[in-house]
Amino acid sequence: MLHFKYLLWLAVGVLLPQLVGSATLMSLLTQSLIYALFALGVGILLRQCGLVSFGHAAFFGISGYSVALLMRDLELGAASAIVLTLVALAIVAFLLGLVVSRIPGIAFGMLTLAIGQTVYLSALKSRETLGGADGLNINWPSSIFGLDVRLFYDPASMFVISWVVMLVTIYLLDRLFRSRFGSITSAIRDNEERARFIGLHVMLPKAVVYALSAVVSGLAGVLSAIYTGFISPETLHWSVSGTALIMTILGGVRYLWGPILGAIFYFFVKEYVGELTDYWMAMLGAVVIFIVVFAPNGVSGLLMQLQERRQKRKQDVIVRRMEVRS
Amino acid sequence: MLGISIFNGLVYGSLLIICASGLAMIYGLRRVVNFAHGALYMLGAYIGYTLSLYLNIWFALLLAPLAMGMIGVLLDKAVFRPLQERDPLSVLLVTFGLLLVIEDLVRAFWGRGSLSIEVPALLADSIELFGNPTPLYRLAVIGLGVGSMVLIWAWLRFSRTGLYVRAASTDPLTTAMMGVNTERVNALVVGVGTALAGLAGVAAAPMLSLAPSMGADVLVDSFVVVVIGGLGSLGGALISAILLGQVQSFGTIYLPGLSAVLPFLMMIAILIWRPSGLAGNRV
């Protein structure tokens with residue numbers, strides 16, 4: 001049943017580009033999907049650990065830079081550069097996670113903000129290796145993982161690729177968080193002290209979730225670097241982390257697909273409200289406030305609530321009918 | 001050379017302490033990490049700009065913080081108080097939303113371009129200090145920083161309201177049981193904190209140009225100051241603001257490659273060494 005659902009969603013993703021006529025809409029969807037994966041990275045940290053990161057743009061941007069450097073300076077192939085980057089990112093983020101996740105709640109947010117800005121400013125200053133404020137153009141080979149590189153540049157095919165990556169990521173994360181590991185991290189999130197009292201190791205799981213969220217964001221960074229063929233310090237700025245956080249909040253984190261929905265919602269507000277008025281950021285801010293105050297589980301939470309209510313009504317009708325019959 | 005560095009560090013440190021002390025006070029009483037603080041600083045600068053056009057900069061320095069104080073009280077009544085039972089994270093996210101709204105409102109009223117305020121004629125000259133020509137206005141900014149810190153300290157230390165503020169920041173429930181109207185104390189403190197952000201904005205305006213995005217840098221630096229000092233601690237914030245001003249000023253000369261990163265490295269080191277900041281949990 002679970003697998004059937006994923007297959008259904010896969011079919012939706014493959015068919016969607018065929019149905020979308022407009023090229024602007026297609027590139028909008030592709031862009032929002034890449035950012036959706038980024039927001040998912042931020043979201044799992046919030047969902048499993050209750051930690052808000054203001055510095056995930058660092059992982060998003062670093063992965064692009066790292067792939068570019070590995071290909072340029074070490075002359076690695078694209079696939080090995082990407083795999084090596086993600087593995088290295090996981091290790092670095094795990095070690096970093098061991099240190100930073102000891103810092104509670106709000107100070108954690110500030111710390112990630114500081115780390116993120118350190119990375120941003122370092123990339124901005126590094127003119128020789130990283131190209132300073134101009135960033136780097138990435139010379140991708142003609143094929144990546146056996147796929148023609150043109151497939152990655154075209155919004156419609158890139159949409160399908162990102163969609164598949166996203167589905168696989170959600171599937172794996174879902175399996176992981178439904179396992180014992182997921183219960184342990186939720187227990188630590190809800191009450192760290194009690195979790196320690198019942199004999200759980202609290203630092204390690206937090207660091208693992210931190211590393212996972214970094215890798216997911218890094219994966220999005222790699223997709224973005226392939227899609228645009230370009231990486232600049234702008235992707236490292238804290239406002240980018242803030243954007244990913246807004247998407248996460250808009251979508252809600254109770255369900256793994258919440259941040260995905262949030263990212264799509266964000267880009268549509270930006271595109272269509274942005275056309276109506278220059279002040280779409282204010283609108284977005286107002287929406288964020290509204291959602292945090294009145295719908296803490298975001299748009300995904302609202303949708304699920306609606307569905308539950310409808311199901312309950314259906315059940316009520318059935319029960320009433322049975323009562324009438326008896 | 002050394003004199004100029006210390007001096008410039010002090011100027012920036014003074015601005016930071018005015019802004020960051022507001023942030024620390026709001027955190028100390030409301031337990032709110034106010035992401036909109038930088039936007040309020042920016043709003044203060046723009047209100048000051050308009051006041052300096054119609055009246056002059058002296059009125060701007062006086063009236064803009066007053067207006068911001070009223071906005072702060074409104075902010076407390078409309079946002080912080082209804083949300084006080086929520087977890088700190090959601091309030092933080094609400095202030096993040098406010099930041100976006102305020103920035104766009106300023107863009108709508110004052111436009112996107114950068115504006116500037118003239119240095120007042122009385123302070124336009126330079127004087128000789130340690131053998132260097134020193135703009136009087138910068139000297140006055142240091143004076144303003146010192147003056148406002150002394151005033152706040154005296155207010156908290158010697159007045160009855162100050163006593164209530166200190167009591168409420170230690171234990172709001174017990175303070176309320178003693179018959180203190182803590183809601184009014186909270187509103188007052190958020191008002192004063194916002195007024196301080198506005199004051200820093202107006203004071204900074206003649207030295208920088210005004211732009212709707214000017215709040216971001218100050219916000220990040222104020223966070224660094226408040227976190228290094230220990231969240232909610234005024235004394236800690238004072239020390240770390242002075243420290244940060246010097247680090248930035250000397251960093252640009254001796255470690256130009258690292259200067260922008262230094263404050264963050266300092267913050268990372270201190271947070272890992274003492275997760276609750278220099279002052280710990282004392283207020």
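Numbering starts at 1 and runs along the chain as it is shown here.
A Cβ is built for glycine as well, from the same backbone N, Cα and C atoms used for every other residue.
Annotated in TrEMBL:
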- A:32-62: transmembrane segment (TRANSMEM)
- A:74-100: transmembrane segment (TRANSMEM)
- A:106-124: transmembrane segment (TRANSMEM)
- A:151-173: transmembrane segment (TRANSMEM)
- A:207-230: transmembrane segment (TRANSMEM)
- A:242-268: transmembrane segment (TRANSMEM)
- A:280-304: transmembrane segment (TRANSMEM)
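For the transmembrane segment (A:207-230), same-chain residues at least 6 beyond its ends with a Cβ under 8 Å from one of its own Cβ atoms are 30-31, 34-38, 40-45, 48-49, 51, 53, 56, 59-64, 67-68, 82, 85-86, 89-98, 100-101, 135-138, 140, 144, 149, 152-153, 158, 161-162, 165, 169, 173, 176, 181, 185, 244. Among the recorded stretches A:74-100, A:106-124, A:151-173, A:242-268, the one sharing the largest number of Cβ pairs closer than 8 Å with the transmembrane segment (A:32-62) is A:242-268. Comparing A:74-100, A:106-124, A:242-268 for CB pairs under 8 angstroms to the transmembrane segment (A:151-173), the maximum falls on A:242-268.
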